[in-house]
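Please read the structure below before turning to the comments.
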Amino acid sequence: MATEAHGEETGGLEFHPLDQFIVKPLFGEAGDPVAWYTITNVTLWMALAVIAIVALFVFGSRGRALVPTRTQSIGEILYGFTYKMVEDVAGKDAVKFFPYIMTLFMFILFANYLGLLPMSFATTSHIAVTAVLALGVFLTVTIVGFVKNGAGFLGLFWVSSAPLALRPILAIIELISYFVRPVSHSIRLGGNIMAGHAVMKVFAGFAAVAAISPFAVLSITAIYGLEMLVAGVQAYVFAILTCVYLKDALHPSH
Amino acid sequence: MATETENAADAAHGAAEAGGAGMPQLDFSTFGNQIFWLVVTLVVIHFVLSKIALPRIAGVLSERQGTITSDLAAAEELKQKAVDAEEAYKKALADARAEAQKIVADAKADIQADLDAAQAKADAEIAAKTAESEKAIAEIRDGAIESTKEVAKDTAKEIVAAMGFSADARSVTSAVNARMKG
Amino acid sequence: MEGDIAQLGQFIGAGLAGIGSGAAAIGVGHVAGNFLAGALRNPSAAGGQTATLFIGIAFAEALGIFSFLIALLLMFAV
């Protein structure tokens, strides 16, 4: 649909920085409707992320070698890194959520890096995807908080160290910030990835002009390097914020 | 969609009505698809990680930790053994030295005893010889005194006879004896 | 380009929203700079605070991303 919308703009620079995010069916015509079961490019790149994760963690550690191979070593480093993060940030009793956080972290990490491949599709740049991830975290944290602490979980919003007169106001602010969490959590990830890819596309559009194309190519290279960093950091930030929220749920006292 | 071709403004308007064709992220018609596949993906990853990968890696890591710990323990044991061996060596050395000293002391004591015995024997012999000699000397002296008495008596008798007196043998003898005692 | 006044408003608004990115850059710079200043003062404690640094940067950057999102919405979705 979007390609049709851009169809009549002709001449001069053409910027379609958001065309890369279009969800389209892998098989069949470009304009076919996308039903919930349709196999689309989203399916393809998520499947590739799954395959990469399986290759790294299952086939990489197949040998169970005491002296690890290179692939197994990478898997062990990621495991140790995430485990230490969960233990340090969320506390020792949060270790049973470690597979959940590991799943989120690995999916986002691999989706981000696979999305950086040229001609690929960045699944984590879509609000729908990141919103589901963030809402999942939000619901998990809220349910865990109420199951673990009962009504005591509401103490999270009642800042007992503040003066009594201020507490209702602070409670409202805390409540708002609590419900803004999934919004910022999802838009931070999706927005970062989308912004990086869109900027690269904009510079790619500049590369069509011969006079500034060397500058544009150099810029794309630099931004690509930055995006490599951002892809890792955003996955890390998503995981560590999940840990922070989980710590709030397990130990709600301020 | 039919209005899209008319002009740009209408196209933008129509796209917005169709669910944000301008921004694929806001194209709600694809949300169901993305969410479905995302949930499938997450379930698969979670299953693979929690059932296969994470226990395996945890096992490998703890096994490695165990191996390292037992290796360290073995090294500690070997070190202890080396220390023990050194102590045993030192003890053997000290024992040998003490033994040697004891042997030397024994030998010295034996020699001393032999020496003492020889000395004692020699002393005894000397003492016996001395006693014998003294006895001999005493005999000789006694003999000498008797002879002197005889001589003195005889001389006294002769002198008394020479002076013209007949000497009473008894009185001469007692006189000589008295003299000799004094 | 000849468009209507609404399109003019969209583009101006998108440009104004872009200022937010610069503000977020200032915020991220503050976070990172202060972390570096503190880390140079007490390097032994810096290693344990890297997670806090990233959380701070993420919070500062999220707001810049919001302004970028507003710009995109004005450009493409309104």
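The first residue you see is number 1, and the count goes up from there.
Backbone N, Cα and C atoms are what each Cβ position is placed from, and that goes for glycine too.
Taken from TrEMBL, the feature domain 'V-ATPase proteolipid subunit C-like' applies to C:12-74. The domain 'V-ATPase proteolipid subunit C-like' (C:12-74) scores a mean pLDDT of 90 in the predicted structure.
The transmembrane segment annotation in TrEMBL covers C:12-33 (among others).
Residues 10-11, 13-15, 17-21, 23-25, 27-28, 30-32, 35 of the same chain lie 6 or more positions beyond the ends of the transmembrane segment (C:53-77) yet place their CB under 8 Å from a CB of it. Positions annotated as transmembrane segment by TrEMBL: C:53-77 (among others).
For C:Glu61, the entry in TrEMBL reads site 'Reversibly protonated during proton transport'. The secondary structure of C:Glu61 (site 'Reversibly protonated during proton transport'), as reduced to three states from DSSP, is helical.
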Query: Can you name the far-off residues of the same chain, 6+ from the ends of the transmembrane segment (C:12-33), with a Cβ under 8 Å from a Cβ of it?
result: 53, 56-57, 60-61, 63-68, 70-72, 74-75
- line: For the domain 'V-ATPase proteolipid subunit C-like' (C:12-74), the DSSP helix/strand/coil residue counts are 62 helix, 0 strand, 1 coil
Field: For C:Glu61 (site 'Reversibly protonated during proton transport'), nearby residues of its own chain (Cβ under 8 Å, 6 or more apart in sequence)
entry: C:Ala24, C:Gly27, C:Val28
